[in-house]
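S.K.: Structure provided below as C-alpha coordinates; questions to follow.
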(Lines of atoms letter the chains of each structure in order from A and count residues from 1; the text may use other names and numbers.)
(Lines give C-alpha, C1' and ligand atoms only; values in the text may rest on other atoms or scores of the structure.)
Protein backbone atom coordinates (compact mmCIF):
# COMPACT_ATOMS: atom_id res chain seq x y z
CA UNK A 1 0.00 0.00 0.00
CA UNK A 2 1.63 3.24 -1.09
CA UNK A 3 1.16 6.67 -2.54
CA UNK A 4 1.72 7.43 -6.17
CA UNK A 5 5.38 6.90 -7.23
CA UNK A 6 6.59 10.37 -6.22
CA UNK A 7 5.33 10.04 -2.62
CA UNK A 8 7.68 9.03 0.18
CA UNK A 9 5.39 7.73 2.91
CA UNK A 10 2.45 5.41 3.48
CA UNK A 11 -1.03 6.78 2.86
CA UNK A 12 -3.39 8.00 5.55
CA UNK A 13 -7.02 7.27 4.71
CA UNK A 14 -9.82 9.70 5.47
CA UNK A 15 -13.02 7.69 5.99
CA UNK A 16 -15.85 9.82 4.63
CA UNK A 17 -18.69 7.31 4.75
CA UNK A 18 -21.03 9.46 6.85
CA UNK A 19 -19.76 12.88 5.78
CA UNK A 20 -22.78 13.46 3.53
CA UNK A 21 -25.36 12.02 5.92
CA UNK A 22 -28.15 14.40 6.90
CA UNK A 23 -27.96 13.13 10.49
CA UNK A 24 -25.91 14.67 13.28
CA UNK A 25 -22.77 12.82 14.34
CA UNK A 26 -24.03 12.85 17.94
CA UNK A 27 -27.17 10.94 16.99
CA UNK A 28 -25.15 8.49 14.88
CA UNK A 29 -22.73 8.00 17.78
CA UNK A 30 -25.45 7.04 20.25
CA UNK A 31 -27.21 4.88 17.64
CA UNK A 32 -24.10 2.83 16.85
CA UNK A 33 -23.05 2.75 20.51
CA UNK A 34 -26.43 1.22 21.40
CA UNK A 35 -26.10 -1.27 18.53
CA UNK A 36 -22.58 -2.28 19.56
CA UNK A 37 -23.31 -2.65 23.28
CA UNK A 38 -26.50 -4.62 22.58
CA UNK A 39 -24.61 -6.86 20.15
CA UNK A 40 -21.91 -7.64 22.70
CA UNK A 41 -24.42 -8.13 25.53
CA UNK A 42 -26.68 -10.40 23.44
CA UNK A 43 -23.87 -12.57 22.10
CA UNK A 44 -22.01 -12.80 25.43
CA UNK A 45 -25.26 -13.85 27.11
CA UNK A 46 -25.82 -16.53 24.47
CA UNK A 47 -22.24 -17.83 24.83
CA UNK A 48 -22.57 -17.97 28.63
CA UNK A 49 -25.94 -19.73 28.48
CA UNK A 50 -24.70 -22.39 26.07
CA UNK A 51 -21.53 -22.94 28.12
CA UNK A 52 -23.34 -22.99 31.48
CA UNK A 53 -26.49 -25.03 30.81
CA UNK A 54 -25.92 -28.73 30.12
CA UNK A 55 -29.26 -28.90 28.27
CA UNK A 56 -27.72 -26.75 25.54
CA UNK A 57 -24.66 -28.95 25.06
CA UNK A 58 -25.79 -30.18 21.64
CA UNK A 59 -24.13 -29.76 18.22
CA UNK A 60 -26.55 -27.03 17.14
CA UNK A 61 -25.76 -24.86 20.15
CA UNK A 62 -22.05 -25.64 19.91
CA UNK A 63 -22.08 -24.13 16.41
CA UNK A 64 -24.28 -21.26 17.56
CA UNK A 65 -21.79 -20.41 20.30
CA UNK A 66 -19.02 -20.29 17.70
CA UNK A 67 -21.17 -18.04 15.52
CA UNK A 68 -21.76 -15.66 18.45
CA UNK A 69 -18.01 -15.32 19.04
CA UNK A 70 -17.49 -14.57 15.34
CA UNK A 71 -20.28 -11.97 15.36
CA UNK A 72 -18.68 -10.18 18.31
CA UNK A 73 -15.38 -10.11 16.44
CA UNK A 74 -17.02 -8.81 13.26
CA UNK A 75 -18.69 -5.94 15.13
CA UNK A 76 -15.55 -5.10 17.13
CA UNK A 77 -13.44 -4.79 13.97
CA UNK A 78 -15.54 -1.89 12.64
CA UNK A 79 -17.86 -0.27 15.20
CA UNK A 80 -15.44 0.94 17.95
CA UNK A 81 -13.36 2.74 15.33
CA UNK A 82 -16.52 4.25 13.82
CA UNK A 83 -17.57 5.50 17.27
CA UNK A 84 -14.15 7.09 17.82
CA UNK A 85 -14.34 8.81 14.44
CA UNK A 86 -17.84 10.14 15.12
CA UNK A 87 -16.53 11.74 18.32
CA UNK A 88 -13.33 13.17 16.83
CA UNK A 89 -14.95 14.48 13.60
CA UNK A 90 -11.64 13.67 11.88
CA UNK A 91 -11.92 10.05 10.73
CA UNK A 92 -8.38 9.17 9.65
CA UNK A 93 -6.74 5.76 9.72
CA UNK A 94 -3.09 5.02 8.82
CA UNK A 95 -2.26 2.42 6.21
CA UNK A 96 -1.11 -0.26 8.68
CA UNK A 97 -4.31 -0.05 10.74
CA UNK A 98 -6.40 0.06 7.57
CA UNK A 99 -4.76 -3.13 6.33
CA UNK A 100 -5.24 -4.81 9.72
CA UNK A 101 -8.92 -3.84 9.77
CA UNK A 102 -9.29 -5.09 6.19
CA UNK A 103 -7.74 -8.45 7.15
CA UNK A 104 -9.77 -9.07 10.30
CA UNK A 105 -13.00 -7.87 8.70
CA UNK A 106 -12.70 -10.47 5.95
CA UNK A 107 -11.43 -13.17 8.33
CA UNK A 108 -14.45 -12.82 10.61
CA UNK A 109 -16.91 -12.06 7.80
CA UNK A 110 -16.09 -15.03 5.57
CA UNK A 111 -15.97 -17.37 8.57
CA UNK A 112 -19.44 -16.12 9.49
CA UNK A 113 -20.85 -17.13 6.11
CA UNK A 114 -19.17 -20.55 6.22
CA UNK A 115 -20.41 -21.34 9.74
CA UNK A 116 -23.95 -20.40 8.67
CA UNK A 117 -23.60 -23.02 5.92
CA UNK A 118 -22.32 -25.62 8.40
CA UNK A 119 -25.40 -24.93 10.54
CA UNK A 120 -27.58 -25.79 7.52
CA UNK A 121 -25.81 -29.16 7.36
CA UNK A 122 -26.49 -29.60 11.08
CA UNK A 123 -30.23 -28.96 10.55
CA UNK A 124 -30.25 -31.43 7.64
CA UNK A 125 -28.78 -34.23 9.75
CA UNK A 126 -31.05 -33.42 12.71
CA UNK A 127 -34.25 -33.63 10.64
CA UNK A 128 -33.38 -36.18 7.94
CA UNK A 129 -31.31 -38.59 10.05
CA UNK A 130 -32.27 -37.94 13.70
CA UNK A 131 -31.23 -41.40 14.94
CA UNK A 132 -27.60 -40.80 13.96
CA UNK A 133 -27.55 -37.06 14.66
CA UNK A 134 -25.46 -37.22 17.86
CA UNK A 135 -22.99 -39.59 16.19
CA UNK A 136 -22.62 -37.68 12.90
CA UNK A 137 -22.56 -34.15 14.36
CA UNK A 138 -20.50 -34.86 17.47
CA UNK A 139 -18.46 -32.12 19.15
CA UNK A 140 -15.20 -33.29 17.58
CA UNK A 141 -16.67 -33.09 14.08
CA UNK A 142 -18.24 -29.70 14.81
CA UNK A 143 -14.86 -28.43 16.04
CA UNK A 144 -13.22 -29.68 12.84
CA UNK A 145 -15.86 -27.94 10.71
CA UNK A 146 -15.36 -24.68 12.62
CA UNK A 147 -11.58 -24.98 12.24
CA UNK A 148 -11.94 -25.68 8.51
CA UNK A 149 -14.13 -22.59 8.17
CA UNK A 150 -11.41 -20.49 9.78
CA UNK A 151 -8.67 -21.96 7.57
CA UNK A 152 -10.61 -21.34 4.35
CA UNK A 153 -11.50 -17.84 5.51
CA UNK A 154 -7.92 -16.88 6.35
CA UNK A 155 -6.61 -18.22 3.02
CA UNK A 156 -9.28 -16.22 1.19
CA UNK A 157 -8.43 -13.12 3.23
CA UNK A 158 -4.71 -13.45 2.48
CA UNK A 159 -5.56 -13.52 -1.23
CA UNK A 160 -7.62 -10.31 -0.84
CA UNK A 161 -4.77 -8.63 1.05
CA UNK A 162 -2.36 -9.73 -1.67
CA UNK A 163 -4.54 -8.00 -4.28
CA UNK A 164 -4.62 -4.75 -2.30
CA UNK A 165 -0.93 -4.46 -1.37
CA UNK A 166 0.38 -3.51 -4.87
CA UNK A 167 -2.15 -0.67 -5.28
CA UNK A 168 -1.20 3.01 -5.16
CA UNK A 169 -3.21 6.03 -4.00
CA UNK A 170 -2.84 9.75 -4.62
CA UNK A 171 -3.39 11.98 -1.59
CA UNK A 172 -5.06 15.37 -1.42
CA UNK A 173 -3.32 18.61 -0.42
CA UNK A 174 -3.24 17.45 3.21
CA UNK A 175 -1.71 14.11 2.32
CA UNK A 176 -4.91 12.12 2.94
CA UNK A 177 -6.61 9.62 0.65
CA UNK A 178 -10.38 10.11 0.66
CA UNK A 179 -12.17 6.80 1.17
CA UNK A 180 -15.97 6.94 0.65
CA UNK A 181 -16.78 4.40 3.37
CA UNK A 182 -16.78 4.06 7.16
CA UNK A 183 -14.15 1.29 7.30
CA UNK A 184 -11.47 -0.20 5.07
CA UNK A 185 -13.32 -2.47 2.65
CA UNK A 186 -12.16 -3.83 -0.69
CA UNK A 187 -14.39 -1.95 -3.15
CA UNK A 188 -13.91 1.52 -1.58
CA UNK A 189 -10.15 0.97 -1.52
CA UNK A 190 -10.26 0.08 -5.21
CA UNK A 191 -12.36 3.14 -6.08
CA UNK A 192 -9.89 5.44 -4.32
CA UNK A 193 -6.84 3.87 -5.98
CA UNK A 194 -5.03 5.40 -8.92
CA UNK A 195 -3.84 1.95 -10.09
CA UNK A 196 -5.46 -0.27 -12.70
CA UNK A 197 -8.12 -2.14 -10.70
CA UNK A 198 -9.68 -4.23 -13.47
CA UNK A 199 -8.05 -7.47 -12.29
CA UNK A 200 -9.10 -6.73 -8.70
CA UNK A 201 -12.72 -6.19 -9.72
CA UNK A 202 -12.75 -9.45 -11.65
CA UNK A 203 -11.15 -11.28 -8.72
CA UNK A 204 -13.81 -9.99 -6.31
CA UNK A 205 -16.59 -11.07 -8.63
CA UNK A 206 -15.32 -14.49 -9.73
CA UNK A 207 -13.12 -15.71 -6.85
CA UNK A 208 -15.55 -14.42 -4.24
CA UNK A 209 -18.45 -15.91 -6.15
CA UNK A 210 -16.67 -19.26 -6.38
CA UNK A 211 -16.03 -19.20 -2.62
CA UNK A 212 -19.71 -18.53 -1.92
CA UNK A 213 -20.89 -21.16 -4.42
CA UNK A 214 -20.00 -24.05 -2.11
CA UNK A 215 -21.77 -22.73 1.02
CA UNK A 216 -24.80 -21.61 -1.01
CA UNK A 217 -25.06 -25.02 -2.69
CA UNK A 218 -24.77 -26.74 0.69
CA UNK A 219 -27.55 -24.57 2.14
CA UNK A 220 -29.87 -25.06 -0.85
CA UNK A 221 -29.34 -28.83 -1.04
CA UNK A 222 -29.76 -29.19 2.73
CA UNK A 223 -33.07 -27.36 2.72
CA UNK A 224 -34.35 -29.18 -0.36
CA UNK A 225 -33.80 -32.45 1.49
CA UNK A 226 -35.22 -30.97 4.70
CA UNK A 227 -38.34 -29.79 2.85
CA UNK A 228 -38.86 -33.23 1.34
CA UNK A 229 -38.44 -34.86 4.76
CA UNK A 230 -40.90 -32.45 6.39
CA UNK A 231 -43.55 -33.17 3.75
CA UNK A 232 -43.26 -36.89 4.53
CA UNK A 233 -43.94 -36.39 8.25
CA UNK A 234 -47.35 -37.88 9.15
CA UNK A 235 -48.50 -35.29 11.71
CA UNK A 236 -49.04 -31.54 11.37
CA UNK A 237 -47.50 -31.03 14.81
CA UNK A 238 -44.32 -32.79 13.70
CA UNK A 239 -44.13 -30.65 10.56
CA UNK A 240 -44.58 -27.45 12.58
CA UNK A 241 -41.88 -28.50 15.03
CA UNK A 242 -39.46 -29.31 12.21
CA UNK A 243 -40.15 -25.99 10.46
CA UNK A 244 -39.67 -24.06 13.72
CA UNK A 245 -36.19 -25.53 14.18
CA UNK A 246 -35.16 -24.15 10.78
CA UNK A 247 -36.98 -20.80 10.78
CA UNK A 248 -34.34 -18.85 12.70
CA UNK A 249 -31.52 -20.21 10.57
CA UNK A 250 -33.34 -19.47 7.30
CA UNK A 251 -33.98 -15.90 8.47
CA UNK A 252 -30.28 -15.28 9.05
CA UNK A 253 -29.32 -17.03 5.79
CA UNK A 254 -31.51 -14.64 3.80
CA UNK A 255 -30.32 -11.63 5.76
CA UNK A 256 -26.60 -12.42 5.63
CA UNK A 257 -26.23 -13.80 2.11
CA UNK A 258 -28.61 -11.20 0.70
CA UNK A 259 -26.47 -8.29 1.88
CA UNK A 260 -23.23 -9.97 0.80
CA UNK A 261 -24.51 -10.60 -2.72
CA UNK A 262 -25.86 -7.05 -2.86
CA UNK A 263 -22.42 -5.56 -2.13
CA UNK A 264 -19.78 -7.91 -3.48
CA UNK A 265 -21.24 -9.93 -6.34
CA UNK A 266 -22.87 -7.37 -8.57
CA UNK A 267 -21.00 -6.27 -11.70
CA UNK A 268 -18.91 -3.16 -10.92
CA UNK A 269 -20.94 -0.87 -13.19
CA UNK A 270 -24.12 -1.74 -11.26
CA UNK A 271 -22.60 -1.07 -7.83
CA UNK A 272 -22.93 2.31 -6.07
CA UNK A 273 -21.25 3.83 -3.02
CA UNK A 274 -24.60 4.41 -1.31
CA UNK A 275 -25.61 0.80 -1.90
CA UNK A 276 -22.30 -0.37 -0.44
CA UNK A 277 -22.79 1.79 2.66
CA UNK A 278 -26.32 0.62 3.42
CA UNK A 279 -25.54 -3.06 2.88
CA UNK A 280 -22.30 -2.82 4.87
CA UNK A 281 -24.14 -1.33 7.86
CA UNK A 282 -26.60 -4.22 7.63
CA UNK A 283 -23.77 -6.75 7.43
CA UNK A 284 -21.38 -5.34 10.05
CA UNK A 285 -23.87 -3.94 12.58
CA UNK A 286 -27.40 -5.27 12.17
CA UNK A 287 -26.70 -8.95 11.41
CA UNK A 288 -24.46 -9.53 14.48
CA UNK A 289 -27.04 -7.63 16.54
CA UNK A 290 -29.93 -9.74 15.24
CA UNK A 291 -28.33 -13.19 15.48
CA UNK A 292 -28.67 -13.83 19.25
CA UNK A 293 -32.23 -12.50 19.31
CA UNK A 294 -33.41 -14.38 16.22
CA UNK A 295 -32.00 -17.63 17.58
CA UNK A 296 -33.34 -17.15 21.13
CA UNK A 297 -36.68 -15.33 21.01
CA UNK A 298 -38.52 -18.32 19.52
CA UNK A 299 -36.31 -20.96 21.14
CA UNK A 300 -37.78 -22.58 24.24
CA UNK A 301 -34.46 -24.18 25.21
CA UNK A 302 -32.60 -20.86 25.25
CA UNK A 303 -35.40 -19.03 27.06
CA UNK A 304 -35.58 -21.84 29.60
CA UNK A 305 -31.82 -21.68 30.16
CA UNK A 306 -32.03 -17.91 30.67
CA UNK A 307 -34.80 -18.33 33.27
CA UNK A 308 -32.77 -20.98 35.10
CA UNK A 309 -29.70 -18.74 35.08
CA UNK A 310 -31.67 -15.79 36.48
CA UNK A 311 -33.14 -18.01 39.20
CA UNK A 312 -29.67 -19.30 40.05
CA UNK A 313 -28.34 -15.74 40.30
CA UNK A 314 -31.20 -14.80 42.66
CA UNK A 315 -30.60 -17.82 44.88
CA UNK A 316 -26.79 -17.47 44.95
CA UNK A 317 -26.05 -13.74 44.72
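Glycine is treated like the rest: Cβ placed from N, Cα and C.
The model shown is predicted, which means the values in this text are computed figures rather than measured ones.
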S.K.: According to Swiss-Prot, one residue among 6, 43 carries the annotation N-linked glycosylation site; which one is it?
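M.R.: Among 6, 43, the one Swiss-Prot marks as N-linked glycosylation site is 6.
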S.K.: Topology question: in Swiss-Prot, are residue 177 and residue 276 both on one face of the membrane?
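M.R.: In Swiss-Prot, residue 177 shares its side of the membrane with residue 276.
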S.K.: Which one of 30-50, 177-197 shows up in Swiss-Prot as transmembrane segment?
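M.R.: Checking Swiss-Prot against the ranges 30-50, 177-197, the transmembrane segment one is 30-50.
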S.K.: So if I exclude everything within five residues of the ends of the transmembrane segment (145-165), which remaining residues of that chain have a CB under 8 angstroms from its CBs? That is, six or more out.
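M.R.: Non-local partners: 1, 63, 66, 99, 102-103, 106-108, 110-111, 114-115, 118, 121, 186, 189, 199-200, 203, 207, 211.
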S.K.: Counting Cβ pairs closer than 8 Å, which of 67-87, 99-119, 202-222, 277-297 has the most of them with the transmembrane segment (30-50)?
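M.R.: Between the candidates 67-87, 99-119, 202-222, 277-297, the best contact partner of the transmembrane segment (30-50) is 67-87.
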S.K.: Flag the pair the transmembrane segment (67-87) / the transmembrane segment (277-297) as in contact if three or more Cβ pairs fall under 8 Å (sequence separation 6 or more).
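M.R.: These two segments touch.
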S.K.: Taking the Cβ of residue 98 (disulfide bond) as the centre, count every other Cβ atom within 10 Å, in any protein chain shown.
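M.R.: Summing over all protein chains shown, residue 98 (disulfide bond) has 23 other Cβ atoms within 10 Å.
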S.K.: Determine which residues of the chain contact the topological domain 'Cytoplasmic' (120-144) at the Cβ level, with the cut-off under 8 Å and only residues 6 or more beyond its ends counted.
M.R.: 58-60, 62-63, 218-219, 222-223, 225-226, 229-230, 242, 245-246, 249, 253
S.K.: What parts of the chain pack near the topological domain 'Cytoplasmic' (223-248), using Cβ distances under 8 Å and only residues at least 6 beyond its ends?
M.R.: 120, 123-124, 126-128, 294-295, 298-299
